[in-house]
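A.B. asks: Take a look at the following structure, please.
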Protein chains: 2
Amino acid sequence: MRNIKLTIEYDGTRYLGWQRLGDSDKTIQGKIENILTQITRSKIEIIGSGRTDAGTHARGQIANFKTDSKMALSEMIESLNRYLPQDIVIKEIEEVPERFHARYNAKGKKYSYYLWNNAIPSAFERHYSFHYSEELDFELMDEACRKLIGTHDFIGFSSLKKTKKSTTRTINELSIQKEGDLIHFTFIGDGFLHKMVRILMGTLLEIGSGTLKLETIDEVFKSKIRSEAGMTVPAQGLFLDEVYYRD
Amino acid sequence: MRNIKLTIEYDGTRYLGWQRLGDSDKTIQGKIENILTQITRSKIEIIGSGRTDAGTHARGQIANFKTDSKMALSEMIESLNRYLPQDIVIKEIEEVPERFHARYNAKGKKYSYYLWNNAIPSAFERHYSFHYSEELDFELMDEACRKLIGTHDFIGFSSLKKTKKSTTRTINELSIQKEGDLIHFTFIGDGFLHKMVRILMGTLLEIGSGTLKLETIDEVFKSKIRSEAGMTVPAQGLFLDEVYYRD
C-alpha cells in the first residue's frame, strides 16, 4: 500500500477543529477524508500529527494516509485543492515509507501565537490574533520565557488531569517579536500538552500586565496546579506552523 | 455644527462596497451611518473620500460628517467600535474645520493590490489577494510601470464612458514588491477613475505573462479604448491605504 504525506494549511475560523467528530463536516480532518474518499473511491482515514482546537489555524499541519489508489500525486493534490473549501489548502504531497506515522514519528512542533496589542482593534487580524489592550512589560515577559525554556513537567500549564503518561516536555525556543501592534510569540518544543500553548500564553500575558508575578512559573512547576497559572487565551491567535520529523 | 473626520479600516469581504444603497445594511457607509444615528440620536450622513467596490478593503478610508452632538470624541470612537461589526473599525477620530470635505479636499490616494503568485493557493490570503498562477516577467512589468507613471488621460484604463469631466490623472508612484509568493503593487496618484487600479493591474499582469505587449500601454493612451487594455482583476486584492489632504 502507498503511504502518502500531506502538508496542510488551514484557516480554522469556520471549523470545530482538526479532529473528525462522527460524520460532521465541520472538522478539517472530516473535510479532507471526505474528498480523498471521493477521489480515490475507497474509504480513507488520515492520521494527523495532532489535534488543533476549534478556531486554531495551521500553516504546516502534517497528516498521512494509506491507499491502494494509483493516482499520480500531482493529480491528487490538484483534485484535493479543487474540491476542498478555500480555507483548507494542501500545500505539499509526498510518498513516504510505509512505516511513516504523522503522530508517532513527530519529534517536535512549532507554534505561533499572535496578540493585537492596541486599544483600537484590527479589522484584518480579528480572526488571527487575540485582541489584548493591556500595556505589557516585554522585559519581564522575556524573563518569563527564559524560565519556561527547558525540560519541565508542564501538567500545571495544561488542561490535563493527572495521568500515567509523562507530562514532561522540553521547550527549545520561546521568543517574542513586536511587529507594530501585532506581537508574535514563537514556541518550539518536542511536544505540547492539551491547551499548553494557550495557558503558557495566558500566563505570559498576566505576568506582562502585572496580574501575576514572575515567580508564578516556578510555583506552578512545583505545585502542578492548573488554577495557579494564567488564563487560557482564545484559540484564534494560535497557528500550528511546522511539525518536525527525523529524516 | 461640529465637523468630524473618521479614519476607517474595513475588511470588505462581506459588503456590497462603501456606498450606501437605500436602506441596505450591506454597505460600509450604511453600517457606520446607522450606528452614528443611534449614538447621536439624530440622522447622520457621512461623506467618504470616494467609493470602494464590493469586496475591496480599506486600511485608511476617510469620511466626515456634521453633527450637533456634544459627545466627547473618545466616547464616540469607543461607541462606534463597540457597535460596529468586527470587520469595520474606526482607527482615528478628529474634529476638523467646518470647511473640510472628505471627497472635495482629497488631493491624492494610495492603493495596494496583492497577488498570490503560486499554483498552490493560500488559505489565509484568499480574501485579500488575487490568485494568479502565471509566471511573471518582473522586469517587463517594471518597464510597464514606468510608462504608466506621470500625467495621462486614463479613460481607456477605466470603466467610464466618454464624459465632459477630465479623465486626466497623475500617477506619482507605481511599484512592485515581492514578499514571497505575495506580490504587492503600490499605486499613488492624485486620483483614480472608476476601476482604474484594477484595469491597470490586469494590464500589468497580461504584459508580465506575455498575453499583451508592452506597447499596449501607449496604444490605449492614444486610442482611449477600454477593450484594448487588460482584464479587470478581482476587487478582493485591492486595499485603499491612505487618502492625502493638504494640511
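Numbers here mean position along the shown chain, with the first residue as 1.
Cβ atoms are placed via backbone N, Cα and C, with glycine included.
Automated prediction, rather than curation, is the source of TrEMBL annotations.
Found this in TrEMBL, in case it helps:
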- B:Asp53: active site, nucleophile (ACT_SITE)
- B:Tyr111: substrate binding site (BINDING)
- B:8-105: domain 'Pseudouridine synthase I TruA alpha/beta' (DOMAIN)
- B:144-245: domain 'Pseudouridine synthase I TruA alpha/beta' (DOMAIN)
A.B. asks: What is the Cβ neighbour count of B:Asp53 (active site, nucleophile) at a 10 Å cut-off, with all protein chains included?
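C.D. replies: Around the Cβ of B:Asp53 (active site, nucleophile), 19 other Cβ atoms lie within 10 Å.
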A.B. asks: Note down the number of other Cβ atoms within 10 Å of the Cβ of B:Tyr111 (substrate binding site), including every protein chain shown.
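C.D. replies: Its Cβ shell of radius 10 Å holds 23 other Cβ atoms.
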A.B. asks: Helix, strand or coil at B:Asp53 (active site, nucleophile), per DSSP?
C.D. replies: strand
A.B. asks: Could you state the whole-number distance in Å separating the C-alpha atoms of B:Tyr111 (substrate binding site) and B:Asp53 (active site, nucleophile)?
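C.D. replies: Taking the Cα atoms only, B:Tyr111 (substrate binding site) lies 13 Å from B:Asp53 (active site, nucleophile).
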